[in-house]
Amino acid sequence: MSRVGIVSWGAYIPKYRIRTEEVAKIWGDDPLRIVDLYLVDEKSVEGIDEDAVTIAVEAAKRALKRARIDPKRIGAIYVGTESKPYAVKPISSILVDALGLSNNVFAVDMEFACKAGSEGLMAAVGLVESGRIEYGMTVGADTSQGEPGEHLEYSASSGGVALIVGRDGIVAELEAVYSFVSDTPDFWRREGSPYPMHGEGFTGEPAYFRHIIGATRGLMEKYGYKPSDFTYAVFHQPNGRFPVRVASMLNIPIEKVKPGIVVTHIGNTYNASALMGFAKILDMAKPGDKILLVPFGSGAGSNAYVFTVTDTILERQKTDVPTVEQMLRDKIYIDYAQYLKMRKMIKLFE
């Protein structure tokens, strides 16, 4: 693999938060039991004028600002989301104009549950590596859905992350990648349905754990990595328990996982989930650090990446772009009625 990697990153988390205990009280659940079950204290909620498009735009603008490159040098843009405002109309084309990209650009909305943004990353890497484009961008953004009263409601949240890929000015060089995919019916949403469904027992062992472990072990066996090689490990975060447990199953010390865990404070941002943890690590990483990144998407599949941080990251970290940690602290709490209003879940019938 020729030299290619992350040139810049940008993240966006809506300011609004609803506490898990607030949701639990509405549905008669024991708040302490729910918090302990999912290890999610609160989740981010998009504002009434926000959606996956505005979230993607904000994250992408921050990535461009940090990179200090002309937007017209971006030759491809990919958007991964489960929260498209339009059934037929791409978000990626909206971003082309909103970001001031050239019209001579590859633009595609990706689909693979929570790892669609990760697939966009590999697509961008391939085009950059081939020499067809100078820079590529992938965005993972969601305003994820959870049916009222159903357990997904405790974690489904909103946020976005954008990554710029290139050869020049690399902050995290891509060393290796490995993919593990199978037909596993753990989670789905049919056409026209407002909320997803999940296969209960399929969401754990057969889906999340099997695929993340399959991708990570496959990568380690193919390229000769050991758990001790990684400074940080970031996994998909559907709740606070799963990433910690999968790290233990892979013999990766919890100290390497905790710095990238954000789900406790903002819930599961779906396509931005693992990427948000990755962005948080990039905000603090030092040259020479090695990062294991393993997104997961229901249906099901996982990609395992290894990045090595370069000296260039020190310059990128000095910009005034908000860090993930700053956004985690910048919040406004809302109650359940405001939550329903902001998520447009109150329907009026004639």
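Note: Cβ is positioned from N, Cα and C throughout, glycine not excepted.
If you check Swiss-Prot, you get these features:
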{"type": "BINDING", "residues": "ASP30, CYS114, SER155, THR203, HIS236, ARG245, ASN268, SER298", "note": "(3S)-3-hydroxy-3-methylglutaryl-CoA binding site"}
{"type": "ACT_SITE", "residues": "GLU82", "note": "active site, proton donor/acceptor"}
{"type": "ACT_SITE", "residues": "CYS114", "note": "active site, acyl-thioester intermediate"}
{"type": "ACT_SITE", "residues": "HIS236", "note": "active site, proton donor/acceptor"}
{"type": "BINDING", "residues": "ARG241", "note": "CoA binding site"}
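Highest local Cβ density among the recorded positions ASP30, GLU82 belongs to GLU82, counted as other Cβ atoms within 10 Å over all protein chains shown. Here the Cα atom of ARG245 ((3S)-3-hydroxy-3-methylglutaryl-CoA binding site) is found 26 Å from that of GLU82 (active site, proton donor/acceptor). SER155 ((3S)-3-hydroxy-3-methylglutaryl-CoA binding site) sits 12 Å from the residue listed as 'CoA binding site', taking the Cα positions as reference.
The candidate set comprises the binding-site residues HIS236, ARG241, ARG245. Of these, HIS236 has the most other Cβ atoms within 10 Å. Sequence-distant neighbours of ASN268 ((3S)-3-hydroxy-3-methylglutaryl-CoA binding site): residues of the same chain at least 6 apart with a C-beta under 8 Å from its C-beta are VAL40, LYS43, CYS114, SER144, SER155, ALA156, SER157, GLN237, PRO238, ASN239.
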